[in-house]
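Novice: Here it is, the structure, as structure tokens.
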Ligand code: S3P
């Protein structure tokens, strides 16, 4: 792992219910890096997502979300902080630009993977009504954006959260070794110092 590379934040993107938060949390633990979930930041500062949608509308939510993402990326500069983004955050053009400062990992899945979690859906206003149908429609329109922004695409259709986090960590190391971005972890630093 080259010691001279500047560490970059790791941004996890992908559709609702793919597991960005759980996998991101585990990945950050493995890397010994901080974890930020931008939805959690929005909720902590402004109340539940369902309430924001109901009282102020989706547009207001998107503004708060874009600000939370910008703050997270700014704070994560020069580190491997893992940042989990809400499924629709990538639609904002400012966010798309800021993601250029991150290693962007797209968690790829299909409707079957998320069906069970979607069925238990709570707090996702965009899935109100026929959740599966809504999810499929949103995924179809957003998928090209996820693909375009991704530095790495990880298939998360099968595997436990730790398995998937290890898969991402390995992919990040391969990506760093290819000279495109750096992952600096206590283990990697040790390797370099040897
Ligand atoms: C949304 C995804 C949600 C949350 C909000 C809107 C979306 O985050 O930001 O309900 O537009 O896809 P998750 O992807 O973490 O569920």
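Placed from the backbone N, Cα and C atoms, the Cβ positions cover glycine too.
When I checked TrEMBL for this same protein, it listed these features:
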- 17, 18, 19, 20, 21, 22, 124: ATP binding site (BINDING)
- 21: Mg(2+) binding site (BINDING)
- 39, 62, 87, 142: substrate binding site (BINDING)
Novice: Using the Cβ center of 39, 62, 87, 142 as the substrate site position, which other residues in that chain lie within 8 Å, going by their Cβ?
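Specialist: Neighbours within 8 Å of the Cβ centroid, excluding 39, 62, 87, 142: 16, 65, 85, 86, 88, 89, 90, 91.
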Novice: Tell me which of the binding-site residues 39, 62, 87, 142 ends up closest to residue 19 (ATP binding site) in space, Cα to Cα.
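Specialist: Result for residue 19 (ATP binding site): the nearest of the binding-site residues is 87.
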Novice: Taking the residues 17, 18, 19, 20, 21, 22, 124 listed for ATP, what is the greatest CA to CA distance in Å, to the nearest whole number?
Specialist: 17
Novice: To the nearest whole angstrom, what is the C-alpha distance linking residue 142 (substrate binding site) and residue 124 (ATP binding site)?
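Specialist: Per the Cα atoms, residue 142 (substrate binding site) and residue 124 (ATP binding site) stand 17 Å apart.
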Novice: Taking each of the binding-site residues 17, 18, 22 in turn and counting other Cβ atoms within 10 Å of its Cβ, which one has the fewest?
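Specialist: Per-residue Cβ counts within 10 Å for the binding-site residues 17, 18, 22 bottom out at 22.
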Novice: I need the CA-to-CA distance for residue 21 (ATP binding site) versus residue 39 (substrate binding site), whole Å please.
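Specialist: Approximately 9 Å lies between the Cα of residue 21 (ATP binding site) and that of residue 39 (substrate binding site).
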Novice: Other residues with Cβ within 8 Å of the Cβ centroid of 17, 18, 19, 20, 21, 22, 124 at the ATP site?
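Specialist: Along the chain, the qualifying residues are 14, 16, 23, 84, 117.
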Novice: Under 6 Å from ligand 1 by C-beta, which of these binding-site residues make it: 39, 62, 87, 124? Sequence order, please.
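Specialist: Going through 39, 62, 87, 124 in sequence order, those close to ligand 1 turn out to be 39, 87, 124.
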Novice: May I ask which residues of the same chain, at least 6 positions away in sequence, place their Cβ under 8 angstroms from the Cβ of residue 39 (substrate binding site)?
Specialist: 21, 49, 65, 84, 86
